Amino acid sequence: MSDTDPIRSTSAACKEPAVIRERGQHEVFCGLTGIIWLHRKMQDAFFLVVGSRTCAHLLQSAAGVMIFAEPRFATAIIEDRDLAGIADANDELDRVVNRLLERRPDIRVLFLVGSCPSEVIKLDLGRAAQRLDARHARKTRVLAYSGSGIETTFTQGEDACLAALVPEMPHASSDAKRLLVVGSLADIVEDQFSRQFQQLGIGQIDYLPGRRASELPAVGPGTRYLLAQPFLAETARLLEARGARRIAAPFPLGEEGSALWFEAAAREFGVHSSVARNALQAGRARARAAVARHKPALQGKRIFFFPDSQLEIPLARMLARELGMQLCEVGTPYLHRIHMADELTLLPEGTQLAEGQDVERQLDRCFASGADLVVCGLGLANPLEARGLATKWSIELVFSPIQGFEQAGDLAELFARPFVRRLKLVA
Ligand code: SF4
């Protein structure tokens with residue numbers, strides 16, 4: 001347990017939530033986990049984790065890989081070696097990559113994904129990627145990023161991956177405004193979003209990541225980007241360095257968040273507010289009805305969020321405003337005040353936020369809070385259930401399609417499910 005005291009800061013603006021800042025022991029997956037949804041999204045990409053047997057086990061158990069399938073990720077196991085063995089490790093990596101690309105000529109983008117064992121840290125994967133890219137670039141681009149548990153929590157793996165793609169995006173040929181949606185989305189959600197943007201009159205939309213990593217959209221001063229995921233700080237920074245501008249909005253979770261997200265894009269692209277209202281009306285109504293079905297199970301229930309995915313603040317906003325849940329504490333591994341500004345203003349006054357983690361202290365606060373439901377990582381769920389608390393795995397919220405009007409009811413149902421299950425067990 002850390003001996004650092006949590007620092008409580010309350011902004012002078014009284015409506016701004018109080019934040020507990022902690023830097024102690026934390027319990028989250030590493031950034032390798034992002035490969036599980038990224039490899040499904042980018043169908044011409046391959047993720048080669050340069051890591052240990054632990055990394056291989058994490059991926060195989062988290063992804064439930066069948067070993068006879070041809071998956072789009074694998075682990076090159078680097079055994080322990082001293083600095084004198086680094087040249088051998090580079091040779092070994094080159095051999096693994098050459099063999100892989102000979103066997104799998106369909107791979108268009110190969111990500112070398114770094115991990116945290118010391119023998120991997122000694123390898124310069126960025127340089128290895130450049131060397132291999134020079135050799136294979138005519139058929140396969142080779143890029144590198146880190147999914148190490150020392151540097152990344154599980155959703156930051158996506159940020160690191162997309163940040164590696166930004167320098168590869170071509171320069172836009174004109175400064176005409178064009179919308180870029182940033183953050184990995186299930187294909188079904190991407191298609192729904194494209195249709196909704198078309199109804200708003202915004203026809204030209206690009207996605208990062210798209211379905212093919214080798215066909216990246218162009219970027220330039222005309223790019224207006226809308227974050228679909230709240231954990232993409234580095235990707236956003238690099239896009240802005242390429243001239244892109246962020247459209248400020250809450251995140252598209254729930255009826256209200258989705259409507260505000262689309263409306264922000266509509267304003268940026270000069271769509272009249274009455275046109276936007278009409279275009280969004282049907283989706284809003286469907287989302288409202290679907291969410292309302294789960295309100296009886298959730299209204300008035302107390303919820304506590306451990307910091308895990310960075311989705312916590314938008315989820316808390318939706319659960320409080322659309323389902324009447326009471327927020328005990330909303331933890332987030334990292335609070336990006338600019339990207340979260342529109343979310344923070346929507347949180348109920350006095351919401352207690354926590355940034356970072358000191359797991360022992362947070363467990364104490366959780367037990368004292370009288371929470372009915374706790375959102376946390378897998379490692380904490382079992383001990384909390386054993387103490388009689390209902391839990392929801394935060395990783396499930398990243399794997400499931402939850403964005404947009406059509407998914408709002410499913411999202412509410414994910415939170416109602418633990419209560420329904422308990423009722424069934426009691427009956
Ligand atoms: Fe474990 Fe580090 Fe490998 Fe992640 S990257 S599985 S934290 S050894």
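Including glycine, each Cβ sits where the backbone N, Cα and C put it.
Features reported for this protein in TrEMBL:
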- CYS30, CYS55, CYS116: [4Fe-4S] cluster binding site (BINDING)
- 30-415: domain 'Nitrogenase/oxidoreductase component 1' (DOMAIN)
Cβ-based neighbourhood (8 Å from the centroid) of the [4Fe-4S] cluster site, residues CYS30, CYS55, CYS116 excluded: GLY31, LEU32, GLY51, SER52, THR54, LEU58, SER115, PRO117, GLY147, SER148, GLY149, ILE150
Winner by Cβ contact number (other Cβ atoms within 10 Å) across the binding-site residues CYS30, CYS55, CYS116: CYS55
CYS116 ([4Fe-4S] cluster binding site) - helix vs strand vs coil (DSSP): coil
For CYS30 ([4Fe-4S] cluster binding site), the three-state class that DSSP assigns: strand
Within the predicted model, mean pLDDT of the domain 'Nitrogenase/oxidoreductase component 1' (30-415): 92
